[in-house]
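Visitor: These came from TrEMBL, pasted as-is:
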- 1-125: domain 'Ig-like' (DOMAIN)
- 135-220: domain 'Ig-like' (DOMAIN)
- 232-254: transmembrane segment (TRANSMEM)
Amino acid sequence: IRLTSSLNVDIPQPTYEFARGDTSVIPCNFKPQNANNPSVIITWTAHPDNPDDGDIIIETCYYNAGSVQEDVSDAYIGRASVQANIPLGQAPLTLKSLTSQDSRVYQCDVKIPGDKQGKLSDTTTLVVLVAPSKPNCAIQGTAEFYQNINLTCRSDEGMPPPTYKWQSYDVGNNARPNPAKSTDVNGVLSLYNISQDTSGYYICTSTNKIRSATCNLTLSVMPPSMKIGSTAGIIGGCAAAVLLLIVVIICCCCRKKKNSEEYEEG
C-alpha cells in the first residue's frame, strides 16, 4: 500500500522585517503529494492597499519537464526574482531596494496538476522598517519668568513610529534631570513656571528599533519684557513732558523780557 500526503505550502514566519533600501528574501517551501511532478506553477502575489482591488501579481514561475520559465510583472522587473528549486520544494521571493510601499501581505501559491488537496498557499507580512528622520525641535510659548512653555520634537518619518525623550543640560553643559515641574509626553516637554534656572541646553532623541536621531535647542529664560504699547506710551509721555518744559521756559523768558522793557521805559 502506498501512503501519500496532500500538498503543503509553508512560509515559516508570519512576519518578516527589513530596513528600507535593503533586499528581502521571503522563503516559500512546498511538499507535494508526489515526489516527481512534471509540471508546477508557482505564483507570488501581494495584497492590495484597497481590499476591493485584485491581488498584485509579482512573478509566476512555470516548471515543465526540468526547465523553469519566469514571468515577472512590469512593476517588479529588476526588483523581484524567484529562485525556484522544484526538486527541493523551494521558491523564495527576493525583493530589492525596498520602499515603504512594499510593506504588505505576500502570498505564495503552488499549483500542481492532480494535486489539489491540502494547503495550496501561505501568506506572510513584510514590514519595511524606516529609521527616524532628523526631528524638528521648537519652542512654543514665551521664554520669560513664570511662564509655561512647551519644547516640541517630531520626526516626519519612522517605522515603527519612534519614541521621544528629552535630556536637559545646564548652561555649563552638564547633564541634569528635567525640571521637577515638567512632563515629557510623546515628544512634548512641558515646562511650568519657568525661571532663570530653567535656561540651558535641551536635546531630544527620536528612536525606533533601527536607529535614532536627535535635535537640540538652547533655552534662555529672560525677565518679563515691556510690551510695545507700554514702551510707546512711556516714550510719548516723556516727549510730551519735554515739550511742555520747553514751552514753559520760553514763556518764562518772554515774560521776563517784557517786564525788563517796561521797567526801562518807566
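Cβ atoms here come from the backbone N, Cα and C positions, even for glycine.
Remember, TrEMBL labels are computer predictions, not curated facts.
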Visitor: Summarise the domain 'Ig-like' (1-125) by DSSP state, stating how many residues are helix, strand and coil.
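Guide: Per-class counts: 6 helix, 63 strand, 56 coil.
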Visitor: Which residue counts does DSSP yield for the domain 'Ig-like' (135-220) in the helix, strand and coil classes, in that order?
Guide: 3 helix, 46 strand, 37 coil
Visitor: For the domain 'Ig-like' (1-125), what's the model's average pLDDT?
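Guide: Reported value for the domain 'Ig-like' (1-125) is a mean pLDDT of 93.
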